[in-house]
Amino acid sequence: MSIIELLKVIFLGIVEGITEWLPISSTGHMILVEEFIQLNASAAFKEMFFVVVQLGAIMAVVLLYFNKLNPFALSKTKREKRETMRIWYKVVVGIIPAGVMGLLFDDWLNEHLYNYWTVAAMLIVYGVLFIIIENRNKHRYAKINSFSELSYSTAFLIGLFQVLSLIPGTSRSGATIIGAIILGTSRYIAAEYSFFMSIPIMFGASAVKLLKFGFNFTSIEIITLVTGMVVAFVVSIIAIRLLMAYIKNNDFKAFGWYRIFLGVVVIGYFLITNGKVLS
């Protein structure tokens, strides 16, 4: 592997680590970055890489929340272990809608919606939604401030919002956070629940892509995958910590404005470059 290719992989890992957890669409950013940074690999490998690199990001959540999510921790009382198991039950309930829809329509969505128009439109639409919802909630208090207050029905409804994230440019975390806030969840719990729901969803998506691609990797492909995942892991730890510290005293409007700005830039760029936005 050349130094240039290694730097490309490192950069892609950084983008994944930042955008996976901020409500700004990791898939949308990866599509856009690929316009400027092309890996020297087959189309099948690149499609698989952009999904499997998320495993590094997911392991950051597992590490940061290991104690909170571990129902077998010796330091926990029986009551705390039961509470931890309830978190997992609510995660399972929440991922059912997106899991089912993803299995049924993943190929169709990739074929028909994996384009710059869709990405730009979803960036702008959800940017506007973030601003509207945060303005509406400015003087409201959250009804759900802990996982014990999160009901199974609310968890399922948040899962329905996550289905929207199957559309490129939406943002899985963005869709679930918006849904959770609309349903009365605090920003902090909304973000954490979004993180926890991502664990089985992204492990499952990565497993599907790996099975489709096969496990017959070249040495260069192995280095590419491992490097991307390690970088995404390290950057994700930093991004998650910064995001959780930020939302303790701030709302998500800044991310809404960023999404609108980026969506407009995307439309402008691809209109200027020979109408590629129509491809």
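Every residue gets a Cβ built from N, Cα and C, even glycine.
Noted in Swiss-Prot for the protein shown:
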type	residues	note
TRANSMEM	3-23	transmembrane segment
TRANSMEM	47-67	transmembrane segment
TRANSMEM	87-107	transmembrane segment
TRANSMEM	113-133	transmembrane segment
TRANSMEM	150-170	transmembrane segment
TRANSMEM	188-208	transmembrane segment
TRANSMEM	220-240	transmembrane segment
TRANSMEM	252-272	transmembrane segment
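Counting only same-chain residues 6+ beyond the ends of the transmembrane segment (47-67), those with a CB under 8 A from a CB of the stretch are 12-13, 16-17, 20-21, 26-27, 30, 34, 39, 41, 73, 75, 192, 195-196, 198-199, 202-203, 205-206, 209-210, 212-213, 224-225, 228-234, 236-237, 240-241. Residues 22-25, 32, 116, 119-124, 126-131, 134-135, 169, 174, 177, 181, 187 of the same chain, all 6+ positions outside the transmembrane segment (252-272), place their C-beta atoms under 8 angstroms from a C-beta of that stretch.
Sequence-distant contacts of the transmembrane segment (188-208) (same chain, six or more residues past either end, CB-CB distance under 8 Å): 20-21, 51-52, 54-55, 57-58, 61-62, 65, 69, 87, 90-92, 94-95, 98-99, 102-103, 106, 142, 144-147, 150, 155, 158-159, 162, 172-173, 176-177, 180-181, 240, 243-244, 247-248.
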